[in-house]
Amino acid sequence: MKAKYTRSQEKIIRVLKSLKYGISAQDLYAELKHRDQPLGLATVYRALEGLKTQGTVKSRTLSNGEAIYSVISHEQHHVICVSCGQSFVINECPVHDLEKRLEKTYNFQVYYHTLEFFGRCHECNTKSVL
């Protein structure tokens, strides 16, 4: 069954699908305004929360505490540098088998999961040695 979206949610989904990267709620607010589809900032936050609850949008929190939102199309996992904030996609997932077991054991529908590793990238490690 296809989820029913509000007009605000539909606008947000269109923008998120057009981007190749995640975006913060504040940047999404500005992007909607730039595209002549303005929404209030509180509306953006409410719509994003509703889309997360429906399993359409996911968020991940950066090391600075900022939430980044994107449409769920496929699982992406990341290694994130705590010094510079740079993020690298991991192209493998050791969690899929666990996800299937959890769904079966707990009769639980998993919409998505996130896997993030935090540390320091090569460049930041090199800078700290010098």
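Cβ atoms are placed via backbone N, Cα and C, with glycine included.
Any TrEMBL annotation is an automated prediction that lacks curation.
Here's what TrEMBL has on this protein:
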type: BINDING; residues: C81, C84, C121, C124; note: Zn(2+) binding site
type: BINDING; residues: H113; note: Fe cation binding site
Chain-mates of C81, C84, C121, C124 with C-beta within 8 Å of site centroid, Zn(2+): V82, S83, G85, Q86, R120, H122, E123, N125
Alpha-carbon distance [H113 (Fe cation binding site); C121 (Zn(2+) binding site)] in Å: 23
Which of C81, C84, C121, C124, the listed binding-site residues, has fewest other Cβ atoms within 10 Å: C84
C81 (Zn(2+) binding site) to H113 (Fe cation binding site) - Cα separation in whole Å: 20
Mapped DSSP class for C124 (Zn(2+) binding site), helix or strand or coil: helix
Between the residue listed as 'Fe cation binding site' and C124 (Zn(2+) binding site), the C-alpha gap once rounded to whole angstrom: 28
Number of other Cβ atoms within 10 Å of the Cβ of the residue listed as 'Fe cation binding site' across all protein chains: 14
